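What follows is a set of notes on a single structure, which appears directly below.
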Amino acid sequence: MMNISNVSIALYLCTLFAFVSSDSPEAMRDLVTNFPGQPKVSFRHYAGYVTVNIISGRALFYWFFEAMTHPNVKPLVLWLNGGPGCSSVGYGATQEIGPFLVDNKGNSLKFNPYAWNKEANILFLESPAGVGFSYSNTSSDYRKLGDDFTARDSYTFLQKWFLRFPAYKEKDFFIAGESYAGKYVPELAEVIYDKNKDNENLSLHINLKGILLGNPLTSYAEDWTGWVDYAWNHAVVSDETYRVIKQSCNFSSDTTWDVKDCKEGVDEILKQYKEIDQFSLYTPICMHHSSKVDSYANYKTTIPRLFDGFDPCLDDYAKVFYNRADVQKALHATDGVHLKNWTICNDDILNHWNWTDSKRSVLPIYKKLIAGGFRVWVYSGDTDGRVPVLSTRYCINKLELPIKTAWRPWYHETQVSGWFQEYEGLTFATFRGAGHDVPSFKPSESLAFFSAFLNGVPPPLSR
């Protein structure tokens, strides 16, 4: 019989093996060292490329952060931003949930005390090709981009990433994201779910447990209806404009944009939103260089598209930082000499390359995942005008799920953080006073909510 000392040694060796087994030669080549401006931390992080198509030379860029403590026992979470065309490195990692936030000059980094890798191992992926550092050597690939293309490439990425980091293959796996990732996340989850049913190739199995969606684009008709209703309800547009839209627009129809009154009414909302930050109605806009202030023409050309976006000042700081030679070299994005022109959102994906497919609704996928027993949580910052809380509530109501627990406030540090409701198979919560990118506005509350999600328990429902 083993004594206490031997048991301790055995446990230590098991833990050590868990770390060592994650360090494949490829993984060690991706280990980030001497990252410019990085605060001193005890966890490791890795960055680099995973080739998803050898023939076309298509590769996706990732940045992976071990959990701050006990990475060998904590789950793995993939974070995706939307767009289509926006970077999970520039937004999720840099402005929201990553451990290193870019300062207000783009010169250095500051530690994020509310980083989500306090609770999990976090993997950021720039997808599809053409986003951030991700690329293809075959230019025709860029004209094939769409939801299905992105889901397939993301799945291939995961399979190859797990070969590089085998210690994470069997961990509980979750997918999280916001805005247009409201499409990406369930679509990728569906691919994983379907592929996992292939009992003849168990080596491809991914231990998917659930999805987490923030201010997500979900269903075309409900998203647009909620967008219009929210703008009127928050006094952004006149009663007359609202009346015209309600009378002339049928967002369930493919031809609604051919109706002159409908298009002009929607244009009027966009015109008014030009004056403020649509993604956060009650915060100031950045005046020195605001892509939002100058984006009215882009909105008009991308109707009926809905796309991601955040505080343009933060976007600018990220652009400065990730175009530095020393930063690109440290992240293994380039050799530090032949630099890439990194942008936080690639407008070409919508404006020039087109987007070949976008599901009108992912609610059928919600139903499929719920029936499969996966955890589905949705949250919404209630001051976001782009993918507003009304849109999300309309979408959830469309599912007609039985209510499990009554609508009630949830709390963080004795204050009301938002409201919360559990349905059979789905959990919905709001964040009071948060805009589109909720963790940027409510970092402490978001971390607490994320922890509750991982544990499958409600956030605090009393002070």
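Heads up, the Cβ atoms here are built off N, Cα and C, so glycines get one too.
Record features, source Swiss-Prot:
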type     : residues  : note
ACT_SITE : S179      : active site
ACT_SITE : D384      : active site
ACT_SITE : H436      : active site
DISULFID : C86-C345  : disulfide bond
DISULFID : C249-C262 : disulfide bond
DISULFID : C286-C313 : disulfide bond
CARBOHYD : N137      : N-linked glycosylation site
CARBOHYD : N201      : N-linked glycosylation site
CARBOHYD : N250      : N-linked glycosylation site
CARBOHYD : N341      : N-linked glycosylation site
CARBOHYD : N354      : N-linked glycosylation site
SIGNAL   : 1-22      : signal peptide
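All features noted in Swiss-Prot, drawn onto the structure.
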residue	record	CB count, 10 Å
C86	disulfide bond	30
S179	active site	30
N201	N-linked glycosylation site	9
C249	disulfide bond	21
N250	N-linked glycosylation site	12
C286	disulfide bond	17
C313	disulfide bond	17
N341	N-linked glycosylation site	7
C345	disulfide bond	24
N354	N-linked glycosylation site	13
Where does C86 (disulfide bond) sit in the DSSP three-state scheme?
strand
Note down the number of other Cβ atoms within 10 Å of the Cβ of C262 (disulfide bond), including every protein chain shown.
21
Out of N137, H436, which of these recorded positions shows the lowest number of other CB atoms within 10 Å of its CB?
N137
Within 10 A of the CB of D384 (active site), the number of other CB atoms across every chain shown is 28
Candidates N250, C286, N341, C345, N354 (recorded positions); nearest Cα to D384 (active site) turns out to be C286
Quick one: of N201, C286, C313, N341, N354, H436, which recorded positions lie within 10 angstroms of S179 (active site), measuring between C-alpha atoms? Sequence order, please.
H436
In the three-state DSSP scheme, C262 (disulfide bond) belongs to helix
For N354 (N-linked glycosylation site), identify the closest of the recorded positions C86, C286, H436, judging by Cα separation.
C86
Could you check which of the recorded positions (N201, C249, C286) sits closest to C345 (disulfide bond), going Cα to Cα?
C286
Comparing the Cα of C86 (disulfide bond) with the Cα atoms of the recorded positions N137, N201, C262, N341, the shortest distance belongs to N341
Translate the DSSP assignment of C313 (disulfide bond) into the three-state scheme.
helix
Integer Å distance between the CA atoms belonging to N137 (N-linked glycosylation site) and N341 (N-linked glycosylation site):
15
Does DSSP put N341 (N-linked glycosylation site) in a helix, in a strand, or in coil?
coil
Report, in whole Å, the straight Cα-to-Cα distance of N201 (N-linked glycosylation site) from N137 (N-linked glycosylation site).
31
